[in-house]
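These come from Swiss-Prot:
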- 30-50: transmembrane segment (TRANSMEM)
- 89-109: transmembrane segment (TRANSMEM)
- 128-148: transmembrane segment (TRANSMEM)
- 193-213: transmembrane segment (TRANSMEM)
- 214-234: transmembrane segment (TRANSMEM)
Amino acid sequence: MALMPLSLPFAELEVGHHLYWQIGDLYLHGQVFLSSWILIGILLAFVLVGTRGMKRDPIGLQNLLEFLWDFIRDLARDQIGEKYYRDWLPFIGTLFLFIFVSNWGGALIPWKIIELPEGELGAPTADINTTVAMALLVSLAYFYAGLSRKGLRFFELYVEPTPIMLPFKIIEEFTKPLSLSFRLFGNILADELAVGVLVYLVPLIVPLPVMLLGLFTSAIQALIFATLAAFYIGEGLHEAH
């Protein structure tokens, strides 16, 4: 007797079904750009509204924006140091806010109401291209910080405390962007898939705890990425001991 394949409701879930934009020989994931632009627009609108008619004693959105500013400033100062953190505050703040808004926007915004010819909108950070691009930017910032501060002496850290460490230090430079990108991508994609499967199976109450846990995890992932980015930049700026 032939065995028939079992049809499961979550078998219809697709991973990697994309809307492609072609520019010459280059293919871009169109839905990632669209969702990124929407989320950036929401963030800009939030900032513009919160900074309109600013008061000496902040209330409402202004109070929240000042809290975020203090939080990001303290994060950058703790990891980079008092002397250099101001130069890197915009970069660290942009990373944190974009990742945070992308993660939460992917979970809270009903993207399915926006129909596309192919694929569907979602969190930009659930696409490996987005997380790899940000991780490479962090690596470039690390090298720029070190070379601009120390010049060629920056490369001394690869042979300290002993030249035997050279191959391990080189491997470490490759593992930094890999760990940054895959940690963020894996957590956000796994959360989206888990919620998607539960919505198919039990569409009412059961997915809510998973969604709340996903929001908490998403915030933590934004914090981890920004903290590690600031730490790497601080590592490039300071003298090795």
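Think of each number as a place in line: the chain as shown, counted from 1.
Using the three backbone atoms N, Cα and C, a Cβ is placed for every residue, glycine included.
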Inset, instruction - Count, for each of 30-50, 89-109, 214-234, the Cβ pairs lying under 8 Å from the transmembrane segment (128-148), and report the range with the highest count. - result: 214-234
Inset, instruction - Mind checking which residues of the chain, 6+ beyond the ends of the transmembrane segment (89-109), have their Cβ under 8 Å from one of its Cβ atoms? - result: 35-36, 38-40, 42-43, 68-69, 72-73, 75-76, 80, 122-126, 130, 134, 137-138, 141, 184, 188, 191-192, 195, 211, 214-215, 218-219, 221-223, 225-226, 229-230, 233
